[in-house]
Every structure is written in C-alpha cells, then in structure tokens.
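Database features, via TrEMBL:
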| type | residues | note |
| --- | --- | --- |
| DOMAIN | 15-206 | domain 'Thymidylate kinase-like' |
| BINDING | 17, 18, 19, 20, 21, 22, 23, 24 | ATP binding site |
Ligand SMILES: Nc1ncnc2c1ncn2[C@@H]1O[C@H](COP(=O)(O)OP(=O)(O)O)[C@@H](O)[C@H]1O
Ligand SMILES: Cc1cn([C@H]2C[C@H](O)[C@@H](COP(=O)(O)OP(=O)(O)O)O2)c(=O)[nH]c1=O
C-alpha cells in the first residue's frame, strides 16, 4: 500500500487465481482469520465493491447474447469500476486503519484482459497508473492449481456460468500463465498457495502465510 505508507494506515490484501481455485471460499477464511487477530477488516471484491461499481459488474458479467462486449470496453469498464471502488470503499477503509481483503484486483486485469484476451500490457499499465496512483496491494495470495481440476470444481459447484466462465479451457490456461508472470515479476508481494489439496490443507497454508506477513508488518 504505497507510496504514502505509514503505520496508521491499514493493509490491503488481495486474493487471486483462476475460476474454481477456491477464492470465494478462502476470502471468508482470510477475513475470519484476521478478525480473530483483533483486526478491523473490510471484505470486498472486484469487479464491484461499491453500489455503482457493482452495477458495472453486472454489465461485465452479463452473458446476454444480444451484443458481444468489445474487449477494450471490457478493459475500461474494469478500471472504471476500480476507480469507483477505490474512492468509495478501499481508500476510506485504509485511511481509518482497517484491513481490506479484496477478492481479485488489478492482477486479474493483467491475467484476464492481458494474457487471456491479448490486450497490450502497456495499455493496462497506463490505466493502472491513472486509477491507482501508485497504490498496490501489500499482499496478494495467489491460489494456483491445474486448470482442468479447477474447472471441474467450478462445474461441480453448479451455479449458472457468467460471461467469463463460459470461455474455452485455452483461455484459462493463458490466464494461469498470466498470473504466474505477475508472481515472477514481483514475488515479494505474493504468497503462492497450492490450491489443489483438501481445503483444510489450503487454509493451513493461508493462515501460516498471513501470520508471517502480520509479524513482518509488526501487527502481531
Ligand atoms: N481445496 C478444495 N478442495 C475441494 N473443493 C474445494 C476446495 N476449495 C474450494 N472447493 C470447492 O470448489 C468450488 C469452487 O470454489 P469457489 O470458492 O467458488 O472458487 P472460485 O471463487 O475461485 O471460483 C466450491 O464448490 C468449493 O466448495
Ligand atoms: C477484477 C477482474 C475480474 N475479471 C473477471 C474474472 C472473473 O471471471 C470475473 C468475476 O470475478 P469473480 O466474481 O471473482 O469470479 P469467480 O468467483 O467466478 O472466480 O471477472 C477480469 O476479467 N478482470 C478483472 O480485472
């Protein structure tokens, strides 16, 4: 959470990974773990996280067949939602010293719009600078596992599929690679979590990673 890092500000934690890796399940676990350490935690998600940003989410995920969504429009809507989310939810929470736990953030844009759709990284970097003005997560938990097993979990979950979830498996392989590149470019910001084992084992790894970071930050 730079550049105006100071000890009175909260910490910004994001969860990332492809479809079906267990993000939604584990966001709850992260929030409860931090609350158990006595911290004030705001749970949020992208795209979305404020009333107007949630309306942009609906536009983005709607699989309606009446008109395809242009991929540049998709990118700009992601960042429009993010600007609103930052202004209304994330920055006020960090300013009052709360922890923010967010289900997806800009790494998802590099993975889905960049690696998945093939949009030039420079365009994403430009929008990231404009919208975030130097702010980035203090910690990103990247849940990683083979695409086929993750998609099988997603299908077993049984909910109706949104506009992203109906992409071909090759798209999700590109997304996974995109995330791996993000990790390799800045490994110190990430905790890479093997999401394939049973949930209890994944959550033990997440708890250990969180406590390690809390100790580094002097929070516990
Ligand atoms: N480690 C795990 N082992 C087995 N099933 C899991 C595990 N983690 C999550 N699941 C199940 O897989 C499905 C997808 O998880 P979910 O949290 O919705 O993933 P995501 O939000 O990443 O798409 C859910 O039915 C969930 O209960
Ligand atoms: C934040 C973000 C999400 N997305 C996509 C990924 C997801 O398929 C979709 C909705 O996110 P999410 O609700 O996390 O999906 P799920 O819980 O099913 O994994 O939005 C992007 O393509 N770019 C982005 O920048």
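Glycine residues also receive a Cβ, built from the backbone N, Cα and C atoms like all the rest.
All annotation found in TrEMBL is predicted automatically rather than curated by experts.
Structural mapping of features recorded in TrEMBL.
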residue: 17; record: ATP binding site; Cβ neighbours (10 Å): 26
residue: 18; record: ATP binding site; Cβ neighbours (10 Å): 28
residue: 19; record: ATP binding site; Cβ neighbours (10 Å): 20
residue: 20; record: ATP binding site; Cβ neighbours (10 Å): 23
residue: 21; record: ATP binding site; Cβ neighbours (10 Å): 28
residue: 22; record: ATP binding site; Cβ neighbours (10 Å): 21
residue: 23; record: ATP binding site; Cβ neighbours (10 Å): 21
residue: 24; record: ATP binding site; Cβ neighbours (10 Å): 12
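Using the Cβ center of 17, 18, 19, 20, 21, 22, 23, 24 for ATP, the list of other same-chain residues with Cβ within 8 Å runs, in sequence order, 143, 150, 153, 154, 195. Ligand 2 lies under 6 Å from the Cβ of 19, out of the binding-site residues 19, 21, 22.
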